[in-house]
Amino acid sequence: MGHLTREEGTVQNTNTSGSSHLASGQQLDYLDGWRGIAISLLLVGHFFPYSQLKFCGTAGVHFFFVLSGFLMAKQLFLHETPLPTFYKRRISRIFPALYAFIAITIISYLIAGLPVSWGTALGATALIRNYYPVGFGNALPFDHIWSLSVEEHSYIVLSALVIFFPSKIERQRIALGMLSFCCLIMAAVYTIKFSGPALYREKLIHTEVAAFGIFFSGFLLLCLRNGINRSIPPFVFYTLPIIAIVTYSTSAPPAVTMVVGLVSLALTVNILHKAPEWMLRVLSLPALRKLGLWSYSLYLWQQPFYALKNKGLISTSAAFLLALLAGVLSYYLIEAPARNYLNSTWARKKKPENATPFISDALLAVRKNEHDDVDREVMPRSVP
């Protein structure tokens, strides 16, 4: 799913040629709105009682993927964020909320006397849910962790490019292009060899296929790193998302969805800084930005209530409201405090005498975090 630090939310580049958004240090509020739209699409796909809207879940995941590729490539290749710093941010952002979600869910199942799939728990905990156990529909509501697994695997690959091609953007760009092409080849191979659930719920969620949106968006970022020196017709910003949504809403083959849908979204997020001013203002609306702020916790906690709804145990409206409540509580009670505690602890590692207790240190940062957005990284989140 992505989410970024204040530093990750700004764009900086020593290259001063052109009118690149990469050359400024401004906070890109509209990217928070993009994230808010992504989580909204996922929630619509899961909780709105119209089967025609189920495609929104997949669309939401892909909105997250292309944003993640854009942000993480920017951090690693353009900002050259040191890998220890990069991974500390990822750890503080992802693991506390994830492991709290897994632990609370398992404990709840045990108390309720419900069956627990320890294999599914292992797959989610180790972030290999898109490979193990095979398929969806297991006893625990951890199926959605497949998309988070894809994200984390992709970050490792991007980090490897930094190690193998340090400060060599042209080689990094070529490598990202080759990785994107390999993902398309694997999608074609799986589509030829498999069909039905074996294709859609097993093979196409593997990282070697599903990471296409992340890699291709990063590839576009490096291609456009020197900026776009001319205006882009406004109709482009209306047409590209419409093309993507139409692609997702039809029964197009997976290869078509990947090429047309993901490429359209990746191109949109990479040129979004050139969008009409009114569009950027809409994306920067406080409500959308707030949804973006909560998006990771909402992603984690919507799945149990989505599963309860599908089993007919609670109504759709109740499931939706409970998912929102659980996600917001997770953000303010677990995600933000834990993230701020870890970040502040690492920041003063050389001065342990200044350490402050967990709750007072972390919760005081929550209000600041709503504006400073300490570490939001894109979390894709849905089951296809």
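Any Cβ shown, glycine's included, is placed from N, Cα and C.
Bear in mind that TrEMBL entries carry predicted annotations, made automatically and left uncurated.
If you check TrEMBL, you get these features:
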COMPBIAS  10-23  compositional bias 'Polar residues'
DOMAIN    29-330  domain 'Acyltransferase 3'
REGION    1-23  region 'Disordered'
TRANSMEM  52-73  transmembrane segment
TRANSMEM  94-112  transmembrane segment
TRANSMEM  145-165  transmembrane segment
TRANSMEM  174-192  transmembrane segment
TRANSMEM  204-224  transmembrane segment
TRANSMEM  231-249  transmembrane segment
TRANSMEM  313-334  transmembrane segment
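Of the two recorded stretches, the transmembrane segment (145-165) does not lie close to the transmembrane segment (231-249), with fewer than three CB pairs under 8 Å once pairs fewer than 6 apart in sequence are set aside. Of the recorded ranges 174-192, 231-249, 313-334, the transmembrane segment (204-224) has the largest number of C-beta contacts under 8 angstroms with 174-192. Among residues of the same chain six or more beyond the transmembrane segment (94-112), those with a C-beta under 8 A of the stretch's C-beta atoms are 121, 124-125, 139-142, 145, 148, 152, 296-297, 300-301, 304, 330-331, 334-335, 338-339, 342, 377, 379.
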